[in-house]
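Quick look at what TrEMBL annotates:
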- R23: site 'Important for substrate specificity' (SITE)
- D82: active site, proton acceptor (ACT_SITE)
- T83: site 'Important for substrate specificity' (SITE)
- Q167: site 'Important for substrate specificity' (SITE)
Amino acid sequence: MNNLPKAALPTDEPLVLASGSPRRAQLMRAAGYDFTVDPAGDEAECGVCSRETAPELVARYAYRKALDVVTRYDSAIVLAADTVASCKGYILGKPKDEAHAESMLRMLSGTRHDVYTGVCLWSAKSQRCIVDVSRTQLEMQTLTDQMLADYLETMLWEGKAGSFGYQDGNDWISIVGGGSESNVVGLPMERLAELLENFDALAETVNNGSVDPGWVID
Ligand SMILES: Cc1cn([C@H]2C[C@H](O)[C@@H](COP(=O)(O)OP(=O)(O)OP(=O)(O)O)O2)c(=O)[nH]c1=O
């Protein structure tokens, strides 16, 4: 991915990427941001709400990851994200094992589906934050048993929402209608630049650990 946009930070606070995802750090480095990495604890990604849609879920998880990390700093702009695939009403996160990866890929095979990434930007000094969600539509060719077996053997599905890596160079997956590639890989860099540029206008004050309860369900 070339020419990733970079925006100036909205405050003089250092940028902290609250993520253990190598893809997110790679995208941020490729765009030229200065940042440190401080991942959220695993418990930030938990809690099931059966009424929740994919965009609501990624918004809630991004928010919880940012909340977990922002409490460690007096001065930082914390950036957290969460990515899932969504197909036929199912929300597909990271696979537990190869059998789980196979069942996700069989569901996605031959479909148009969506990838959602929720982003949370949180200023520790001002206790103001933004939660935002981006969607990219993808199309996966019908996978033959051989294609599936070959991909599973690469282990490239590990740690990836929906059990595929758009960046792995497979010709059986493509973006529909010019959506954001970086959003699929875990961080919508174009949207992130807009959020940083418009932080003052978009950020809301956080009260007692919650922001916009209509959007972030907990
Ligand atoms: C759909 C897709 C997802 N992914 C990755 C991006 C994310 O790392 C991962 C989804 O898992 P997440 O739970 O969003 O993130 P993570 O556990 O990797 O890291 P952290 O919670 O610490 O931020 O799937 C790809 O690399 N390529 C793809 O094509």
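Placed from the backbone N, Cα and C atoms, the Cβ positions cover glycine too.
Where the annotation comes from TrEMBL, it is an automatic prediction and has not been curated.
The structure, with features from TrEMBL marked on it.
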{"residue": "R23", "record": "site 'Important for substrate specificity'", "DSSP class": "helix"}
{"residue": "D82", "record": "active site, proton acceptor", "DSSP class": "strand"}
{"residue": "Q167", "record": "site 'Important for substrate specificity'", "DSSP class": "helix"}
Notebook entry, point to check: Restricting the comparison to the recorded positions D82, T83, Q167, which residue's C-alpha is spatially nearest the C-alpha of R23 (site 'Important for substrate specificity')?
Noted result: Q167
Check: Of these recorded sites, T83, Q167, which scores lowest on Cβ atoms within 10 Å?
Finding: Q167
Check: Taking the Cβ of D82 (active site, proton acceptor) as centre, how many other Cβ atoms lie within 10 Å?
Finding: 27
Next item on the list: Have a look around R23 (site 'Important for substrate specificity') and count the other CB atoms within 10 A of its CB, chains all included.
Entry: 20
Margin query: Cα-Cα, whole number of Å: the residue listed as 'active site, proton acceptor' versus Q167 (site 'Important for substrate specificity')?
Written below: 17
Next item on the list: Quick one: pull the CA-CA distance for Q167 (site 'Important for substrate specificity') versus T83 (site 'Important for substrate specificity'), whole Å only.
Entry: 14
